[in-house]
Each structure stands twice: as structure tokens, then as C-alpha cells.
């Protein structure tokens with residue numbers, strides 16, 4: 001909120017008149033001491049009733065085989081008893097007898113998925129508690145994820161397929177932004193694939209709503225290879241442009257079939273970005289030198305910003321118009337970067353080739369279910385175990401967790 | 001704010017009609033009539049005033065955002081549409097609502113810190129065991145069906161300020177009116193934009209003569225002005241016909257309202273609700289609320 005965000009002003013209430021009509025208004029309408037029921041069983045009857053509501057939800061799901069296990073969740077395949085539909089059930093590990101409260105990841109995930117309903121965002125069906133664990137019932141996505149398809153050398157795909165996947169991704173991201181939600185962890189293994197080929201944005205463990213103007217957010221989000229330069233420089237106020245950068249990185253990776261800028265450390269990531277796209281300077285990005293973690297580059301090492309030629313040369317599969325789109329998503333200055341809406345309005349979508357129908361997209365079946373389990377149980381910002389820095393879990397200190 | 005109010009869980013699941021809300025509460029009461037007569041509690045709104053004061057105390061040292069306090073108040077309301085207050089330890093519930101709301105409004109506090117603060121304020125009612133709070137958090141989330149995003153009127157107010165435009169005094173007063181509406185059932189009865197417009201109208205029509213000081217609540221500034229009736233008449237006249245009656249400032253606002261297609265009846269209803277809050281507030285006694293709640297919690301062993 002732009003105005004007086006602090007609650008420390010207390011209401012000035014200094015009235016203490018004799019309390020005459022303090023009984024609950026409606027309670028007065030009740031016969032004073034009515035039923036023969038004693039208070040104790042009634043209390044139980046009640047708590048049972050609320051439990052029953054929850055139980056009726058819980059009973060509707062049958063838990064099947066385990067699909068994956070991560071640091072904060074276990075994912076099972078499940079079945080809805082009433083419709084026999086297959087679902088994924090994500091069991092949140094409540095750590096050490098509630099000692100730390102519910103993990104922020106779980107809360108964020110539930111919070112946003114409850115509100116967002118879109119074909120390109122993983123659907124949340126239900127939430128229930130059972131045996132003191134929180135269970136999140138999600139749409140079952142057996143098609144694996146984009147990372148699998150990118151890595152699998154046996155799968156061949158072309159410009160029309162990339163366009164179809166990118167289109168679904170862009171619609172999902174646009175929808176989030178339209179609803180004032182930043183995803184903050186877009187990467188190929190968070191883009192799951194449904195049985196019909198539809199790409200779904202998953203893992204909202206790092207998502208948050210747009211901050212009110214001038215309020216800070218943490219810059220420790222988005223898995224490094226997909227993290228935009230403003231976050232690497234420690235910006236605390238940012239926008240949907242961070243997700244657009246990640247989307248651009250996914251686009252590049254779909255074309256190249258390897259991560260495009262894959263740094264081993266945050267510093268290395270910055271230098272790889274500079275090599276690829278040019279060094280951020282006050283000329284191409286006014287204000288960049290004021291960012292908290294900005295690292296000055298000495299004059300002789302400044303790499304000029306990459307022009308159109310670079311993108312055309314590097315990403316021939318995308319075609320000249322696609323390269324333009326990619327270039328606009330990779331603008332160093334987040335203010336010059338294209339928005340999710342502008343991405344959707346780009347002429348690339350309407351020129352040849354037409355995007356492949358989702359049912360006709362290349363798919364992988366083998367062990368894809370396990371992949372979903374792994375993807376959903378991983379903590380946001382973590383890379384899969386086979387990545388070069390497997391313990392590079394997100395370091396979110398509590399104060400910075402915004 | 002996140003997501004779209006019109007498609008939100010708030011609008012779909014947590015917006016009640018007055019009748020429905022009364023019915024829900026009556027059902028809770030009917031489950032346990034004995035306890036009800038044994039442990040009378042003050043008017044719901046006075047309890048809300050008390051809870052709000054406790055939340056502000058709790059948040060004081062953590063410089064919590066107003067919006068988190070507001071969200072916590074809405075959580076309390078939602079929780080107590082599903083649970084009879086006399087079956088709960090309100091101090092634990094409000095501490096938990098606060099803790100969860102802070103996470104939700106992106107200003108998280110560590111569970112130990114929150115428990116520590118709460119124990120400092122209400123040592124008799126909060127145990128040092130942080131797991132209690134964790135467990136209660138779980139219950140709170142379950143009871144709210146994990147529908148956690150709350151849309152508040154503050155943003156509508158900020159957005160309408162330049163459009164109308166409103167002076168900074170008017171905004172400050174409207175802001176305080178919004179703070180006050182959490183002491184009523186209005187957050188469960190009307191969408192946030194209706195509340196914001198109500199607050200704006202009240203601020204413009206009843207603009208008190210001494211600007212500058214509405215510390216948190218508009219109660220002191222407005223209670224008198226609203227009660228003496230002339231303002232209400234002016235408001236009714238202004239809303240009743242937009243033929244140009246009343247001061248030009250109000251006339252302009254009314255014209256804007258008419259063009260906006262906002263449900264004016266709902267706005268008037270909210271104004272009346274606020275007025276009756278200020279009336280009932282005069283009977284408020286912190287000590288009395290504290291005693292009644294304390295007696296209830298202690299004799300039912302709800303603090304264990």
C-alpha cells in the first residue's frame with residue numbers, strides 16, 4: 001500500500017462506560033439454559049464435525065504409488081474415488097512436530113494455486129489434512145516436463161513444436177502476471193506436460209504477488225541459469241520482467257537443447273550473461289550501476305550489447321521473427337524487456353510455421369511419472385541432483401524472505 | 001493483492017448474505033447452548049475491538065504492516081464462522097492468525113519470535129511450546145479450506161484517490177474508516193470496492209473540522225458527526241437525487257458514483273453498519289472483555 005503501511009498507530013479508544021448490553025445480541029434470543037446436553041460431549045461433537053468435513057475430502061482420494069520424494073514433500077499418484085480420475089497427491093512434510101510452522105513454499109503454493117485457474121497452470125483440486133500432514137491434490141501430469149524432452153537426444157522436434165510449447169508457456173505466464181502473481185522459478189523442469197500435451201506451469205513455491213510500490217522483495221529467487229541480471233545484481237524491486245527473462249532462457253534452451261547461459265556461481269552467471277548479451281552499462285541500462293550488487297566492469301572488458309545478428313546466428317531454428325522475439329525477452333534492462341502480454345502479441349505466433357497441435361507434439365512416456373514426482377517434490381530454486389551444483393539450494397534467509 | 005477478485009475464493013466462498021451469516025452462527029450456537037449461557041461474551045463488535053487491540057499490541061514490536069493486521073482480522077472472522085469461539089483459546093487463535101497473515105502478506109516473522117511476543121502479552125494464555133502455534137496454524141488453514149488470499153479495500157482507495165481526486169486528509173480519514181470496518185462483519189458481507197467507496201463517501205461527507213489526526217481509527221473523529229444526523233441527512237439527500245443538492249464537492253462525488261454503477265444501496269448499508277459500530281463502541285471496556293474471555297478460557301481449560 002502506498003499509504004502509511006504501519007499498524008503501530010493504535011486506535012484511540014478511551015471509553016469505559018458501564019457495560020450493560022454485553023451479551024451477544026443473538027445469544028439473548030436463545031433460551032437461557034436449554035438442552036440437556038452437557039458441554040463436553042458437545043465440544044467433541046463439534047470438533048468431530050469439522051474433522052468429518054475434512055475427512056470426507058480425504059476419503060475421496062486413494063493414494064497410489066510414490067512418484068517422488070524431495071526435501072519438503074512426497075508426491076504420490078492417486079485416484080479420486082467419485083470420478084476415478086487420476087491425480088497427484090503432494091504430501092507436505094510437516095517438520096519436527098510443527099516446530100517451525102508450515103513451510104513458506106507450501107503456503108505459497110496453496111495460496112496461489114487456490115486462486116489461479118488456467119489451462120496452462122497446474123490445477124489444484126483439493127487440500128486436506130490427514131495424519132497431521134497437509135495434502136495438496138494436484139492435476140496429474142504424466143507427460144514429464146520440458147527438461148526431459150530437451151535432454152532426450154532420441155526426440156526430434158522443430159520450430160513448430162517449439163512455438164507450441166512457448167505459446168503455452170507464454171499464456172500461463174501472462175495469466176499469472178495478469179493476476180498480479182510473479183512465478184519466480186520458471187525453468188524447463190517446472191513446465192510439466194499433461195497427457196494431451198498441454199504444458200502447465202507448476203511449482204508455485206517461490207511465487208508471490210506483485211509488491212506494493214517501494215516495498216522490497218528478495219532477489220534470491222529463480223534458479224540461477226534462468227535468473228535475470230537485475231536479480232543477480234541484487235535488485236529488491238522488480239516486476240514480471242524477471243519471469244519474462246526466464247521464459248527467454250527456456251526459449252533459447254528449447255532451440256539449443258542445452259542451457260544457454262549456465263553459470264557455476266552467481267558471478268560466473270553474470271559474466272556468462274555479459275558474454276552472451278553484452279555488458280550492462282549506464283548507456284544500455286540507466287541506473288544499473290546503482291543496484292546493490294552491481295559489479296563494475298573495467299572499460300577494456302566491456303562487451304557491446306548483442307544485436308539482431310547475434311540472435312539470428314545463434315538461434316536459426318527460431319527464424320528471424322522468432323529471434324526478434326527472443327531478443328526482446330532478453331533485454332538487459334528490465335524496463336526495456338518485453339512484457340508477457342507483448343510476447344503474446346508478437347507476430348511470430350501468426351507466421352509460418354503454425355504451432356503444432358498439442359496432441360501431435362513429441363512426447364515421452366517412459367518414466368515420465370517419476371519425473372512429475374521429482375519435479376513436484378523439489379524445493380523451488382533447486383536443481384535436479386544430476387546438475388553440476390547439486391546442493392545449490394536456494395538460500396533464503398528469513399528476513400529477506402519477501 | 002494477488003489474483004482477480006471476481007474469480008477469487010473470497011468472492012466465491014467467503015462472501016455471505018446477512019441471513020446466511022446469522023444462520024451459520026446460530027448453528028454454531030445451537031451445538032452448545034449450555035456453554036453459551038454459561039459464558040456470556042460481549043457484542044461481537046466489541047470483541048472485535050478487543051481482538052484488534054491485541055493484534056496491534058502483538059504487531060507493535062515487529063512493525064507489522066497494516067495489511068497483515070487486516071488479513072489476520074479477516075482470518076479470525078472466517079475461522080469463527082466455522083468454530084464456536086467458546087471452544088477455542090482466542091489468544092492462541094489470534095496469535096496464529098497474526099502469524100499466518102504475516103506470512104501471507106509477505107512480511108513473515110519467525111514462529112519463536114511471535115510466540116515470545118504473545119507470551120509477553122498474555123503469559124497466562126500462551127504456552128512456551130511453539131508446536132501449539134504450529135498446530136493451530138494447521139487448523140486455521142484447514143478451516144479456511146486453504147483459501148488464504150484476502151482482497152482488501154486499501155488498494156481501491158489508493159487507486160481512486162487521483163481519479164476523484166481526494167485530498168490527503170480525506171484519504172487518511174477514509175483509510176481509518178477502512179481500518180474500522182474490520183471491527184464489523186462487513187468484510188464477510190461486501191466486496192472490498194464497496195467498502196472503499198463507503199469509506200470515501202464517509203470521509204468526504206463527514207470530513208471533520210480538525211484535520212490531521214485520525215490515529216488508526218476514525219471512531220473519535222466520526223462518531224459524533226455521524227450521530228448528530230445532519231451529515232446522514234445530507235448523505236441521504238445527496239445519494240437520493242443527483243439534481244445538484246448539497247455542497248458541490250459532494251455533488252461531484254455523487255455524480256461520479258452514479259456513473260460508476262456501484263451498488264449504492266450496499267454502500268448505504270455499509271455506512272449504517274459503521275454508524276452502529278461507533279454507537280456500540282461507546283460501551284467498550286477492555287477490562288470487561290479481558291475478564292470474560294479469561295474466565296471462559298480458564299474454566300474450560302482451553303489454554304492447555
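Even glycines carry a Cβ here, placed using N, Cα and C.
Under the heading active site, proton acceptor, TrEMBL lists A:185.
Residues annotated as ATP binding site in TrEMBL: A:67, A:68, A:69, A:70, A:71, A:72, A:73, A:74, A:75, A:90, A:91. Within its own chain, residue A:73 (ATP binding site) has A:90, A:91, A:92, A:93, A:106, A:376, A:377 as residues 6 or more apart in sequence whose C-beta sits under 8 angstroms from its own.
According to TrEMBL, the feature compositional bias 'Basic and acidic residues' maps to A:369-382.
According to TrEMBL, the domain 'Protein kinase' annotation covers A:61-349.
The region 'Disordered' feature in TrEMBL is assigned to A:355-402.
Among residues of the same chain six or more beyond the compositional bias 'Basic and acidic residues' (A:369-382), those with a C-beta under 8 A of the stretch's C-beta atoms are 66-77, 88, 90, 105, 138, 140-142, 144-145, 148, 184-185, 189-190, 192, 202-203, 205-206, 220-223, 392-394.
In the structure shown, across all protein chains, A:185 is the one of the recorded positions A:69, A:185 with the greatest number of other Cβ atoms within 10 Å. The Cβ of residue A:75 (ATP binding site) lies under 8 Å from the Cβ of A:66, A:67, A:68, A:69, A:88, A:89, A:90, A:91, A:372, A:373, A:374, A:376, A:377, each of these being in the same chain and 6 or more residues away along the sequence. Cβ neighbour count within 10 Å across all protein chains ranks A:67 highest among the binding-site residues A:67, A:91. Per DSSP, the secondary structure of the compositional bias 'Basic and acidic residues' (A:369-382) breaks down as 9 helix, 0 strand, 5 coil.
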